[in-house]
Amino acid sequence: FLFFLFAEFSLLTIMCYDRYVAICKPLHYGTLLGRGACAHMAAAAWATGFLTALLHTANTFSLPLCQGNALGQFFCEIPHILKLSCSHSGYLREIGLIGVTCCLVFGCFIFIVFSYVQIFRAVLRIPSQQGRHKAFSTCLPHLAVVSLFVSTGMFAYLKPPSISSPSLDLALSVLYSVVPQAVNPFIYSLRNQELKDALRKMMTGCFSGAIKCQFLVIGYFLQ
């Protein structure tokens, strides 16, 4: 879970850089984002995810558990493991790793925000409305994925303790670990015209079917 979590956030940061170069420095795109550069950045993203997951997993596996090993989660989430630990040194070591990881994630988040500020400034300077629309449509799917991924994760871990409960924690864990990844293909496919047409036909068919059903019900009661 940690491996895919941090690898995905690293890839989202790289995708943001891709959009920044494409919109703000289009003449340098081939130089800055050639095939070799893309391969190196992808390898760095996967390596970062693997190293982060390895450090956290190795440390949490070495923690002695004094309150049993039953977690109120559907996976071994680190905060819940720390609640069961009775090793002060291991607990502090894991907190230190979490602090370093949070600094890296916060740095990526700041980079994404700064990049989008520059992107929106560049897009608003485009004279034609069609050009602005094309640039925005390129960024919106990625921005939607980042917003969903970050907002659900932040709410899951930074919510006030007063509203915390086992059932809510479980629901939020599903929300940030399953939902963003599940809707990613749908969000990115919204730029596909064939998918838009199929979705429009499906919605039209459902709407027509609902109207026919209402008329049938009304006719039944009138009889």
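The backbone N, Cα and C atoms fix where each Cβ goes, and this holds for glycine too.
In TrEMBL, annotation is done automatically, which means it is predicted and not curated.
Marked as domain 'G-protein coupled receptors family 1 profile' by TrEMBL: 1-188.
Listed as Cβ neighbours of the transmembrane segment (95-117) (distance under 8 Å, sequence separation of 6 or more from its ends, same chain) are residues 6, 9-10, 12-13, 16-17, 19-20, 48, 52, 55-56, 59, 78, 82, 139, 143, 146, 150. According to TrEMBL, the transmembrane segment annotation covers 95-117 (among others).
Within the same chain, residues 8-9, 12, 15-16, 19, 22-23, 79, 109, 112, 116, 119, 123, 169, 172-173, 175-176, 179-180, 183-184, 187-188, 190-191 sit at least 6 positions outside the transmembrane segment (138-158) and bring their C-beta atoms closer than 8 Å to a C-beta of that stretch. Annotated transmembrane segment per TrEMBL: 138-158 (among others), in sequence order.
According to TrEMBL, the feature transmembrane segment maps to 170-190 (among others). Residues 1, 4-5, 8, 72-75, 77, 141, 144-145, 148-149, 152-153, 155-156, 159, 196 of the same chain lie 6+ residues outside the transmembrane segment (170-190) yet bring a C-beta within less than 8 angstroms of a C-beta in it.
Here TrEMBL flags 202-222 (among others) as transmembrane segment.
The average pLDDT computed over the domain 'G-protein coupled receptors family 1 profile' (1-188) stands at 84.
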